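Student: My questions will all concern the structure given below.
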Amino acid sequence: MTNIRKSHPLMKIINNAFIDLPAPSNISSWWNFGSLLGICLILQILTGLFLAMHYTSDTTTAFSSVAHICRDVNYGWIIRYLHANGASMFFICLFIHVGRGLYYGSYMFLETWNIGVILLFTVMATAFMGYVLPWGQMSFWGATVITNLLSAIPYIGTDLVEWIWGGFSVDKATLTRFFAFHFILPFIITALAAVHLLFLHETGSNNPTGISSDMDKIPFHPYYTIKDILGALFMMLILLILVLFSPDLLGDPDNYTPANPLNTPPHIKPEWYFLFAYAILRSIPNKLGGVLALVASILILILMPMLHTSKQRSMMFRPLSQCLFWMLVADLITLTWIGGQPVEHPFIIIGQLASILYFLIILVLMPITSIIENNLLKW
């Protein structure tokens, strides 16, 4: 008799994706983050569902309903902080996952990579709309500033912004629709993640060497299931330390003040995971130019396969490219720091230089360095 997991139509899909999946024998812990993202997504959907049971998406009661969740709902505080800090863990895993893809040349799987970029955009949109929901000062002004950027689009800009707002300013209609979108998008993300996985399993996983591992595969279970569980335990440990010891570490104190359209906070800034893009936006004095740079900073990922000039896929044996990669990481950390600073000297010039360097490394230095490395190996 055939094993039910290999014959049952539904079990067969799960079996081929998570149990009998042939995986390279040498993938490192950098390959753990895909499964960690899946865990983050499940955690966010579950905590979000319980929060939605008590939250009200009305400008007069939204702030109070979040306070009510924290004070009166059984374990509401832990659900709220798991959700808020879970988003931070989600983005840490996302950035490492994308960084792994860049380092080891995983972007050569075109369909998987492009779906991944779409996923990144969708998760960023979801997180932005979620940040608006508590209706604190930073929620309101963050929503006003970021949506207002669309007015830079020629001809249709103003109409587009008013259409998104549902009025002439960020108000009740905006909050209600943001809640609706914030609720539905994670399910769209889940569907996209399934497609992401589908395309990945067409080719099989990449590995640190960047060369084919078809001759040396091992079953996903038990080898990588146990490895993923260890990674998940580490992540949950970090998340719980954050939630139980310093839940507001990554938040903004301004968001504990109810939204007031008549009082602008001194420094409007998004959550930490958007600061690098916010710094790039602010470093260009022109509104439309800034918006284009902001979009380009993420959209540039789609160009990665076209910018790959090396004869080797991975950076494992390319020390010059490795130096550039870590320069890029340092540059992104610098941009993140600048995004949280006020717009004054010397932060303006540091932000502008870091923004130029970001695009320079990806568009110019990396492709040229790859060609130099090819020539050094006389290829």
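Using N, Cα and C of the backbone, Cβ positions are placed for all residues, glycine too.
Pulled these from Swiss-Prot:
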| type | residues | note |
| --- | --- | --- |
| BINDING | His83, His182 | heme b b562 binding site |
| BINDING | His97, His196 | heme b b566 binding site |
| BINDING | His201 | ubiquinone binding site |
| TRANSMEM | 33-53 | transmembrane segment |
| TRANSMEM | 77-98 | transmembrane segment |
| TRANSMEM | 113-133 | transmembrane segment |
| TRANSMEM | 178-198 | transmembrane segment |
| TRANSMEM | 226-246 | transmembrane segment |
| TRANSMEM | 288-308 | transmembrane segment |
| TRANSMEM | 320-340 | transmembrane segment |
| TRANSMEM | 347-367 | transmembrane segment |
Student: Using a Cβ distance cut-off of under 8 Å, indicate which of 33-53, 77-98, 178-198, 320-340, 347-367 has the most pairs with the transmembrane segment (226-246).
Tutor: 77-98
Student: Work out how many Å separate His182 (heme b b562 binding site) and His196 (heme b b566 binding site) at their Cα atoms, rounded off.
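Tutor: The separation of the Cα atoms works out to 21 Å.
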Student: Would you kindly list the residues that approach the transmembrane segment (288-308) from elsewhere in its chain, counting only those six or more residues past its ends and only Cβ-Cβ distances under 8 Å?
Tutor: 98, 102, 105, 107-108, 110, 113-114, 117, 120-121, 124, 149-150, 152-154, 276-278, 280-282, 355, 358-359, 362-363, 366-367, 370
Student: In whole Å, how far is His97 (heme b b566 binding site) from His83 (heme b b562 binding site) when you measure between their Cα atoms?
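Tutor: The Cα atom of His83 (heme b b562 binding site) is 20 Å away from the Cα atom of His97 (heme b b566 binding site).
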Student: Would you count the other C-beta atoms found within 10 angstroms of the C-beta of His201 (ubiquinone binding site) for me?
Tutor: 14
Student: Output, ordered by sequence, the same-chain residues six or more apart from His196 (heme b b566 binding site) with a CB under 8 Å from its CB, or 'none'.
Tutor: Thr112, Ile115, Gly116, Leu119
Student: What parts of the chain pack near the transmembrane segment (113-133), using Cβ distances under 8 Å and only residues at least 6 beyond its ends?
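Tutor: Residues 55, 57, 62, 66, 87, 90-91, 94, 98, 101, 106-107, 139-140, 142-143, 146, 174-175, 178-179, 181-182, 185-186, 188-189, 192-193, 195-196, 199, 270-271, 273-274, 298-299, 301-302, 304-305.
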Student: Between the residue listed as 'ubiquinone binding site' and His97 (heme b b566 binding site), how far is it from one CA atom to the other, in Å?
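Tutor: On Cα coordinates alone, these residues lie 17 Å apart.
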